[in-house]
Amino acid sequence: MEHLDPYQRPPDRIRKIYKDYQKSSIRALDQDSDIIDLTRDLSQAQRKCVRQVSVFQPEHLSDIYNEFVHYGSPHELSTISCMDLQSVRIYEHSSMPGLYIIPSLLPPRIQLTLLSRLLHRDLSNPSHLSNIHTHYHVSYPPNHASFFSLPSSPTSPKLSKKASARTSFPIAIASSDGGIQSFEPFPPRDLTLHKPLPFSSFLSSKLRWFTLGAQYDWTQKTYPSTPAPPFPADLSFLLSRLFSDSAPSSRSEVEQNGGEITYETDTEGEETSSSHVAETWYSMIPQAAIVNIYSAGDTLSVHRDVSEEVGKGLVSMSIGCDGILVLGLENEPSHKSSDGSKFENSACTEAENNCECIVLRLRSGDAVFMTGKSRFAWHGVPKVIEGTSPKFLKDWPAELVCGKRDEEVNEIECSRFENRTGTDDISYPTSKQRDPYAHWKGWMANKRINLNVRQVWD
Ligand SMILES: O=C(O)CCC(=O)C(=O)O
């Protein structure tokens with residue numbers, strides 16, 4: 001595999017596009033016809049380059065999702081019926097061969113289950129390091145409880161110098177009824193560089209990412225050779241079944257299935273065939289993941305993921321607010337842009353034009369699979385759009401009323417797959433006993449979680 005430099009500066013063109021989108025207002029984003037948003041009609045120019053290349057069938061998906069929801073426990077019940085699911089279409093853009101865009105792959109129940117497993121369970125596992133660990137001693141709630149079982153706005157006492165210097169804990173402060181009343185701030189590793197980090201900022205604004213499986217070293221830009229914590233088995237199952245098996249149904253099956261193919265002969269005269277999908281669907285074994293936690297307004301700068309030792313596919317799944325993802329592939333100097341959009345700009349210098357760029361609006365439940373030529377594409381997130389978290393997620397981690405959950409999430413599933421909205425009709429428990437996370441209600445309203453998964457070694 002070709003070795004790419006993790007320190008290389010991104011091409012000027014994608015940097016410029018990234019900066020422009022960073023400055024865009026929500027209104028401008030809503031009206032921007034260059035953004036590929038597969039939930040709305042594509043522009044005429046986009047229809048020439050975006051094609052449906054394959055499909056996931058509902059039966060296939062419901063098997064995977066039921067197994068994932070009940071993973072590790074014997075079950076006979078089907079929580080997700082294939083009747084509630086629709087075929088999920090897989091698209092490709094002619095400028096990004098091997099980049100598969102899969103809108104609405106995850107139905108609401110799977111998004112909720114995934115979110116809870118990532119943030120209640122995996123974040124509480126001390127072997128999953130976060131960016132906060134680089135500068136702070138992070139302490140954990142007792143018995144692997146969720147961080148969200150702690151008060152959302154603690155009445156933490158000020159950390160004494162002695163406590164700041166301490167490297168062993170407990171730091172949870174018990175209340176008279178035996179619960180946890182508050183959490184001391186996390187002491188910095190170097191007191192001369194950082195102040196103690198209040199627990200409230202850990203989850204509310206400061207936590208940006210944590211890692212699963214192989215723990216990437218952000219300073220060295222390498223994966224350590226020491227044994228990694230096991231990749232969570234249920235997530236591994238979900239991702240392997242979706243992305244490691246053979247490529248999903250071929251194009252002819254799409255046609256038989258009545259799938260409408262948004263195919264127009266593109267300007268280059270090239271068609272993407274089912275055999276092409278099979279060739280570039282580089283199955284992957286999940287070995288490392290980054291869980292990015294964005295607040296509206298956060299950004300992720302343009303980069304390439306090049307530290308992995310194999311070029312297998314990279315999966316990216318989004319939950320919560322919409323995100324704008326800018327992607328760019330460097331090409332031959334003579335290559336002409338195929339979409340005729342503003343990304344082909346005669347005012348650009350040659351260096352700026354030497355990178356094919358596309359811009360996607362990703363919504364909750366969408367997935368992107370970067371394989372083939374696009375595996376090492378430049379990409380970045382210039383915008384997470386405020387107020388766009390779907391209704392069924394807005395109150396998370398507050399839970400749905402016990403007993404009504406199945407019925408209600410099913411309702412949400414149906415309505416979402418019809419028109420991508422949630423339902424107004426979700427009720428929540430009123431007592432704290434029934435909902436341990438009620439005091440964090442609304443945390444997800446302005447968050448975007450991205451699960452970014454890769455294979456590191458053969
Ligand atoms: O949030 C996203 O959509 C992309 C995240 C990403 O590129 C990364 O974690 O490397």
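All residue numbers here begin at 1 and follow the chain in the order shown.
Any Cβ shown, glycine's included, is placed from N, Cα and C.
Computed from a predicted structure; not experimentally measured.
Per TrEMBL, domain 'Alpha-ketoglutarate-dependent dioxygenase AlkB-like' is recorded for 197-454.
Here TrEMBL flags 248-275 as region 'Disordered'.
His303 (Fe cation binding site) is surrounded by 12 other CB atoms, counting those within 10 A of its CB over all protein chains shown. DSSP assigns His303 (Fe cation binding site) to a strand segment in the three-state reduction. Positions annotated as Fe cation binding site by TrEMBL: His303, Asp305, His379.
Cβ contacts within 10 Å of Asp305 (Fe cation binding site), excluding its own Cβ and spanning all protein chains shown: 19. Spatially close to His379 (Fe cation binding site) yet at least six residues away along the chain are Val302, His303, Arg304, Leu325, Val326, Leu327, Gly328, Met370, judged by Cβ distances under 8 angstroms.
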